[in-house]
Structure formats: structure tokens, C-alpha cells
Amino acid sequence: GNHTLLSEFILSGLSSHPELQHLLFFTICFIYSMTLIGNLLICMATAHPTLHTPMYFFLRVLSFLDISTASVVVPKMLVNILSEDRSISYLGCVTQLYCVVSLASTEWYLLAAMAYDRYVAVCRPLRYPAIMSTRACLSMVLLSCCSGQVVSVLQTAWVFTLSFCGPRRINYFFCDIPPLVLLACADTSRYERQLISATVLVIFTPFCLILLSYTCIISSILRISSAESRHKTFSTCSSHLTVVTLYCASGTLIYLQPKSRNSQEAKKVLALIYTTVIPTLNPLIYSLRNKEVKEVLIR
């Protein structure tokens, strides 16, 4: 068939029902505002002199990534909800996909680094200052960012080497891999296998390292004689486990079946949770379950 050189795409958005557009706009606008306020408060609180530890340094970086992820997706989505023109340029789509994949991949590696930090704090407390030095923490963050950049460059390059031959409408609210693969007019089975491998590398490898860290942590916690100490130690880890579970569940369901048409609407909901809701929940999860952060925020 004839191949059309696309200069832009059309984003269908979250819903095609006109009566829901204003409700969606105000709901998402409220969630985005809470994301910005909550994560900025976390950044400010963890910069306090009493919270200059590796755990809070990683938490500050996580909040920055959450703000960035939401800001890449939500403003364009809000404009499209109230606009009849829902187009996004080819270059804009490339940029958005690159940023989303880069930030999401970086966040996964950062969550693994945070799990390692908790492992050292609980299982190697006497060596904690030496192991988790400032240089080591900066190296982990830098390695997470570089890994995310590499994954994003490869994924974005592979997606946009596919041939797109109409329609140009993306059944999604931002440029992401699964809806773009559906627009390809060539055989994408090889790319789908590659995407599954990348998903395993980006999600399951850090997830296995996180599970290994927490297996050791739980084993150490159970050996603590004081019930109060066990509760305090586990409470510092349970918030991180909650975030990891949310990310893993939504991320794997989105990317393990990239060309499943039947689940596109469900993937929209999962993507909304992944890019909009979870960044809002992170400050609540960490601040509500962390006494030190709450005290600093109150002051």
C-alpha cells in the first residue's frame, strides 16, 4: 500500500465523550497541582540539615523525577482536553516519548538504589557511612540517569524507524510505545520481542534486586528482639515497597503486550496511574509514613 510521510499525529485523549471533558480537565488539573505541591514540599523538606542522609537524598531525586514525568505528559493532555486541535508534531511526539521512557527507566534504577540503601542501613549499620558515602550516592544517581538515557535512546530510535502508514490517530493521551506500534504498517514481531526484553531489563532486573534486598532486610528485622524496633525499621521500608509494587504492576501490564488492541483502554488507565497518579501518591506515602519528614514539614 501507499506509505504516507507523517508530519504530525492526533492524540485521541482519555475519553471521546464531550460531557466528560470538563470533569476530566478539573480532576487532572487538581491531581497535577497536588503532584507539584507535594513533591516540591518533599524536595524542600529533604534539603533540611537534619535530613542530610542518603535515603532523603534519593527521595529528593525521586520527587524531581516525579515532577518531570508528570510535566512531560499532563500539560499537553490538559490543553488537548479543552481543544479541538489535538495534534502533536512528529518531532514533539519523538521528544515526548524519549522523555517519558528516559524518566521512567531512570526511576526504576533509582528505586533499586534506594532498596540497596535500605539493605545497607538495616543489615550493615556499622559500615553504612562508609558504604553509602556522598560519592557512592552521586555515582548511583548518575548511573541510573545514564542507564535511563541509553534505554530511551534505543527505544525511541527503534520505534521511529518503523513505517507509519495511516491512520495518524494515536488512541492514547500521549506518545507512548504501545499505541505507536499499533500504527506501524510493517511486521513488528521482531520489535515486540525486543521491547519485551527491554521491559525485563528495565523493570524485572531492578525488581529482582529490590526483592533480594528486602528478603535480606526482612530476615534481619525478624532477628530484632524489640517489637518497637522491628516496627520502626519495617515502616521505613514499607513505603518504598508500596511505591515499587505500584510501578511494577502498572509498568509490566502496559509494556509486556505492546500490540494488544483489546486492552488499549485499560492501558490508558494504567498509563494515567503511572504518569499522573503515582507521582502524586509518592509524597503522601513517604511523608505520612515517615516521622522525620512530617516533623520537618510541620516546622
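Keep in mind that glycine also has a Cβ here, set from the backbone N, Cα and C atoms.
Residues 14, 51, 59-60, 63-64, 66-67, 70, 74-75, 77-78, 81-82, 276-277, 279-280, 282-284, 286-287, 293, 296-297 of the same chain, all 6+ positions outside the transmembrane segment (20-45), place their C-beta atoms under 8 angstroms from a C-beta of that stretch. According to TrEMBL, the feature transmembrane segment maps to 20-45 (among others).
Within the model, the domain 'G-protein coupled receptors family 1 profile' (38-286) shows a mean pLDDT value of 85, rounded to a whole number. Residues annotated as domain 'G-protein coupled receptors family 1 profile' in TrEMBL: 38-286.
If you look up TrEMBL, you'll see 57-75 (among others) marked as transmembrane segment. Remote same-chain partners of the transmembrane segment (57-75), defined as residues 6 or more beyond its termini with a Cβ less than 8 Å from a stretch Cβ, comprise 28, 32, 35-36, 39-40, 42-43, 46-47, 96, 99-100, 103-104, 106-107, 110-111, 113-114, 117, 137, 140-141, 173-174, 275-276, 278-280, 282-283, 286.
Cβ atoms under 8 Å from those of the transmembrane segment (95-116) belong to residues 55, 58-59, 61-62, 65-66, 68-69, 72-73, 76, 88, 140-141, 143-145, 147-149, 151-153, 155-156, 159, 174-177, 180, 202-203, 206, 209-210, 213-214, 240, 243-244, 247, 251, 274-275 of the same chain, restricted to positions at least 6 beyond its ends. The transmembrane segment annotation in TrEMBL covers 95-116 (among others).
Marked as transmembrane segment by TrEMBL: 137-158 (among others). Residues 54, 57-58, 61, 94, 97-99, 101-110, 113, 116-117, 177, 191, 194-195, 198, 201-202 of the same chain sit 6 or more residues outside the transmembrane segment (137-158) yet have a Cβ under 8 Å from a Cβ within it.
Sequence-distant contacts of the transmembrane segment (198-221) (same chain, six or more residues past either end, CB-CB distance under 8 Å): 104-105, 108-109, 111-112, 115-116, 118-119, 122-123, 151, 154-155, 230, 233-234, 237, 241, 244, 247-248, 251-252, 255-256. The annotation transmembrane segment is assigned in TrEMBL to 198-221 (among others).
Taken from TrEMBL, the feature transmembrane segment covers 233-257 (among others).
Per TrEMBL, the feature transmembrane segment maps to 269-288 (among others).
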